[in-house]
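Engineer: Encoded as C-alpha cells, here's the structure I'll be asking about.
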Amino acid sequence: MEEPTRLVEEATTNDMDGQNNEEERDPESNSLCQPLLKRNRTLSSSPFALVGAKVSHIESLDYEINENDLFKHDWRRRSRVQVLQYVFLKWTLAFLVGFLTGVTATLINLAIENIAGYKLRAVVNYIDDRRYLMGFAYFAGANFVLTLIAALLCVCFAPTAAGPGIPEIKAYLNGVDTPNMFGATTLFVKIIGSITAVSASLDLGKEGPLVHIGACYASLLGQGGPDNYRLKWRWLRYFNNDRDRRDLITSGSSSGVCAAFRSPVGGVLFALEEVATWWRSALLWRTFFSTAVVVVILRAFIEYCKSGNCGLFGRGGLIMFDVSGVSVTYHAVDIIPIAVIGIIGGLLGSLYNYVLHKVLRLYNLINEKGKLHKLLLALSVSLFTSICMYGLPFLAKCKPCDPSLQGSCPGTGGTGNFKQFNCPNGYYNDLATLLLTTNDDAVRNIFSVNTPSEFHVSSLIIYFALYCILGLITFGIAVPSGLFLPIILMGSAYGRLLAIAMGPYTKIDPGLYAVLGAASLMAGSMRMTVSLCVIFLELTNNLLLLPITMLVLLISKSVGDCFNLSIYEIILELKGLPFLDANPEPWMRNITVGELADVKPPVVTLRGIEKVGRIVEVLKNTTHNGFPVVDEGVVPPVGLPVGATELHGLVLRTHLLLVLKKKLFLHERRRTEEWEVREKFSWIELAERWGKIEDVAVTKDEMEMYVDLHPLTNTTPYTVVESMSVAKAMVLFRQVGLRHMLIVPKYQAAGISPVVGILTRQDLRAHNILSVFPHLVKSKSGKKH
C-alpha cells in the first residue's frame, strides 16, 4: 500500500512543478490560506499508461439529496402520474442499456471473428504452400495495421478509451468524477478500438472494454445524449442528478460483464462485488433485468448466425464451454491437488500484480514523452507479439492424430482443436492450435474435455511463459484492453500442466483442471470470489463443479491478499484516484474529526442573507464546492429569548453561481417570498453544474445588493460531532455517498460557532492524514484488511 501511494505523491509533485503553478488548485481545498493537509491535486484523465499526458482536477460527486425549499416544493407537487413516469423511465432505460450493450457486444464479436478468422486462414494457406516469409509478412502486417488504427484512435481522439475502464467506473461509483470517461467519442473509440486491438492478436480481451461500453451507454442515455446534442425531453429531467446516473452506470457495468461471458447472474454479482459502492434491492432488480435483456439479444444472434449468415461468427466467438454432459467425479484425495491449484493461483496472481505495477510505472515514463512514443510503444508490442505467435509453433513437434478423430484432425484453419501448421497429413501442431487462433477459440481449445494427451508439456510451458510475458507488456499500451482473457489463458495453461503432473493421483479431467487454474489465477489477481464462481458456473453449465470452484477461489484470494492489493486497486493508486475503501485503517480510530478540523484552514461560512460582493469574493478566493450557511441573532423556539447562532444548512458553489447568473438580487436585507424564487429557478436548473465565477458579470452597484440564500440551502446536511473517530466518519461518508460532511461542536454555548469545519473526500484519505499526523505511522497495522 505504501509504495503506490508514494509513487502517486511523487508523480503529483512532478506534474505540478511542470505546470509552473498554472493549474488551478484542488476544488476541495481552501485557498484563503495554505492547507496543512497534503492533497493529491491532480489526476490523469487518460488511462494509467498515459499518466502525465493530460492533467485534470479531482471533483467529487454528490449522491446526497439536496433538500432545499425548491426540492421540497417540487416533491410535494409531484402527482402519482409523475411518480409512475419516473419508475417507468427507470425500467425503460434499464432495458435500453441491456439492449444496446447486447447488440454492440454481438457486433464486436462478429467483427472480431471475421477479421481475425479470415486473417488466420490466409496465414495458414501461406504456410501450407511453404511460403513462410510471405505468411509472416501478411500476419505481422495485418496485426501492425490493426494495432495502428486502435492506437491512433485512442491517442488522438479519446485517451480515456485506452485500458479496461473498470478502475475508473469503480472510482465513479465510489463518488469520484472521472472526467471524459463516458462520452460519445470515448464510446465510439472503445468499440472500434476493441475490434481492431483484439483482431490484431494482441494478448488482451474485449471483456473489460465491454464493461466500459455498457457504462457509456448508461451515462449517455441518462443525460439525454452527448454533451453538445442533449435531448431536452422533459421526462429525462428526473435523471439530471448524480444518484440516478450512478444507478444507470451500475446497470451498464453489469450488462457489459454479462455480454462478455453470457453470464447474467455473474454480471449482477460482479457489479455488486467489484465496482459498486452503494447497493439496494430496487437496483438489484433493474440490474438483473438489464442482464436478462443482454442474454436474450446474444442468444437470438447466436441462433441466427448458426445458419452461416454471419461469416465465421457462429462457429466460434463468445466463450461457451458447456460441460453439462461431462460426469465430474472427485473424492477426498482430490482436495490436495485442488488446494495446490488455489495456492499457486494466489502466488502467481500476486506476483503478476507486482510485476505489472512495475511495468506500468515504466510505461508512464515512456508515454508522457508524447503521442509518438505512445504509438511506437503499441506498435513495438504488436510486432513482438506477431514474431512470437508466428515463430514459436515451429519449435513444437508434430503429434499424430487419434485414429478415432478422422475428419476433424487436422483442421483446415477454422475453428477446432487441431491445426496442421507445417505438419504432414494425419499430424497436428498443438502449439499452433493455441496460438494461431482467436482468443475465444483458444479458451475453448485449452478447456476442452476428454483430451488428456492433446497438448505436450513443452508446448504448454512455452504457451504459459509467452502469455505471461505478453500479458505484462500488452496491458498498458494505448489501446482498449481487458485483463480477463489473458489471465484466463495463463491460468488454464498452468492448470493443464498441473493436471499432467497430478495425472496418476486424480481422476479429474485435464480440461476441468484448466478451468480451475483459470479461476484461481483470476481470484489471485483480481481478488473476486462470488462473481467469478457464478461466471464460471454459467460458463461450464455444470453444478457439480461448484464445490471445488468455490474452494479454489477462496484459497487463491486468501493467499493473494497476504502479499498485495488487487490489480484494480493498484491501478486506482497509480492513477491517483481518491478511492475510499470499505474498511478504514485501524489507526483511524485513534484520531477524531475534530483533530482533522484543527489542522485545516478555518471554515468559510456565509450568512442566510448575504451581500453579493461577499459571495463574489468568496467564490473568487476559494475553490470550495460547499459553504455552511449560518444565521446569527436567531430567537430559539425554546429556552431563553436571547439571540442564538443557527446552522441553517449547506449551499453549493453551483447554486451560488446560478444565483449570480440569474441575478436574484435584493435592494434591502430581507427574506424572499416563495413565489419570487420559483419565478427565477426550477429544481431542474439546480441539478446542473454551472461554470466558473469568471464567466459571471456583476456590476459595481450589484455588489452592494443582497441575496437570500435560504431557499437554495440544503437544510438537512449530514453532520458529525467533533468527538467522532475518523474511522466512523469515513464509513458514513462512503456508504451515504457524500461530498461534504459538516463537523459540529461537542459543546453548544453562546459565542461558539455551530460548525467546526467541513470534511471532504481528500481529508479522509489515509496518506493525507499521515502526512499531518506522522505519529500515527507507528500505530499502523500494515496493509488493508
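Positions of Cβ are set from backbone N, Cα and C atoms, glycine also.
Heads up, here are the entries from TrEMBL:
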- 1-30: region 'Disordered' (REGION)
- 86-112: transmembrane segment (TRANSMEM)
- 132-158: transmembrane segment (TRANSMEM)
- 283-302: transmembrane segment (TRANSMEM)
- 335-355: transmembrane segment (TRANSMEM)
- 375-396: transmembrane segment (TRANSMEM)
- 460-490: transmembrane segment (TRANSMEM)
- 543-560: transmembrane segment (TRANSMEM)
- 713-779: domain 'CBS' (DOMAIN)
Engineer: Helix, strand, coil residue numbers for the domain 'CBS' (713-779) per DSSP?
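Structural biologist: Going by DSSP assignments, the domain 'CBS' (713-779) contains 27 helix, 12 strand, 28 coil.
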Engineer: Please figure out which one of 86-112, 132-158, 335-355, 375-396, 543-560 racks up the most CB pairs under 8 Å against the transmembrane segment (460-490).
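Structural biologist: The stretch with the most contacts is 375-396.
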Engineer: Is it the case that the transmembrane segment (375-396) and the transmembrane segment (86-112) touch, counting contact as three or more CB pairs under 8 Å in which the residues of each pair are 6 or more positions apart?
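Structural biologist: No, the transmembrane segment (375-396) and the transmembrane segment (86-112) are not in contact.
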